[in-house]
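TrEMBL annotations:
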type	residues	note
COMPBIAS	22-56	compositional bias 'Basic and acidic residues'
REGION	1-66	region 'Disordered'
TRANSMEM	86-118	transmembrane segment
TRANSMEM	139-158	transmembrane segment
TRANSMEM	178-200	transmembrane segment
TRANSMEM	212-232	transmembrane segment
TRANSMEM	238-264	transmembrane segment
TRANSMEM	276-298	transmembrane segment
TRANSMEM	352-374	transmembrane segment
Amino acid sequence: MWELRHRGGCPGPGGAVAPPPREGEAAGGDHETESTSDKETDIDDRYGDLDSRTDSDIPEIPPSSDRTPEILKRALSGLSSRWKNWWIRGILTLTMISLFFLIIYMGSFMLMLLVLSIQVKCFHEIITIGYRVYRSYDLPWFRTLSWYFLLCVNYFFYGETVADYFATFVQREEQLQFLIRYHRFISFALYLAGFCMFVLSLVKKHYRLQFYMFAWTHVTLLITVTQSHLVIQNLFEGMIWFLVPISSVICNDITAYLFGFFFGRTPLIKLSPKKTWEGFIGGFFSTVVFGFIAAYVLSKYQYFVCPVEYRSDVNSFVTECEPSELFQLQSYSLPPFLKAVLRRETVSLYPFQIHSIALSTFASLIGPFGGFFASGFKRAFKIKDFANTIPGHGGIMDRFDCQYLMATFVHVYITSFIRGPNPSKLLQQLLVLQPEQQLNIYKTLKTHLIEKGILQPSLKV
């Protein structure tokens, strides 16, 4: 209809819109060679108006191939498809959890590499969907520029992390000092180069679609890179801030699936027909209990509760500290109704266990909406999964759609209710300053301590 109104044509046989006759040409007469404007009209007819497309106009994406190992197919061949999928998901889930425990044992640095790997894979899956949906347009430089922008954004965020947490190491390397000093300018220059390349790649009659894909890339960067950066920021606060939220989401995903599989009868949301209220409620209570217990167990060990710091003298990450009050047992008075049930006046808890209730509640009540959002995205583009990376589970993004939302909440929660000034980080920043600046700060701090009565005026420091 849009083309009919603007071109003044009318539907021909088969519903095609016939263009009006050109000036000096009788309707139905012989046509001369098409002019440039006619060719542009034909191209416009070919690509159509994207604004008028509906969900039903989105091209079908071929289903992903089944990557289930042959040994599992043979072992489960006698089961129904429902139970076959249950066993495949269960076996692969246990395998992934075992690998996750191994990476935890290997330390913080390996966890950071894991987060980076997951980020790159999720970005690849989402970008690939865009490429496959609009493959007929053959956009120039789309994939190359997408990966270039991924490198630029990662360079910016990880450069900021290096400047914040590895200042003492950077101070010893002259080349790194230059990169850190002008880090934001370099990052902006790299992004500008990609921006200019995008503008130069614009092709006539592809403009609107190219800008769609430009926006697609940047939204994908916002979802994957920004959130994974927040995950690493949480990890530096202490591995417990990384493990409890992530494991709570995993627990909620597993228990909600189990409760829904065995007891589910009432549909929860139309976006995900297999989600049920029974699974949602069962997953909530299971996750809160799991988070409370996990917080109790992990709070006992320095390896999990101490902030992750880089020690230049040993050239590695360390997790050694005096645990803060969050991870020291405190006595709490019980409410009257619990006193009668438990027959005790007080209970000893780690304060972090109380915070774990807030974390696990978010993971089980709000976190699933990240999954619903992903379900809506997949329905919009007529795909079952983001990819077929993990048999029975789909792609990496299918497993981490809720984790990214959780990462943002944990980061906001820490900055709002937990984090105070970090003396170690502040000291690292002071060591980067010039000697004159360090001396001025020393004199100011000494004067302040004397005025508060902490130091005596005659005391030599």
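The backbone N, Cα and C atoms fix where each Cβ goes, and this holds for glycine too.
The listed stretches are 178-200, 212-232, 238-264, 352-374; of these, 238-264 has the most Cβ pairs under 8 Å to the transmembrane segment (86-118). Where the transmembrane segment (212-232) meets the stretches 139-158, 178-200, 238-264, the count of C-beta pairs under 8 angstroms peaks at 139-158. Residues of the same chain lying 6 or more positions beyond the ends of the transmembrane segment (139-158) and with a Cβ under 8 Å from any Cβ of it are 116, 119-120, 123, 127, 131, 183-184, 186-187, 190-191, 194, 197-198, 201, 203, 206, 209-210, 213, 217-218, 220-221, 225-226, 229.
Under 8 Å from some Cβ of the transmembrane segment (178-200) lie the Cβ atoms of residues 141, 145, 148-149, 151-153, 155-156, 159-160, 162-163, 170, 210, 214, all in the same chain and six or more residues away from its ends.
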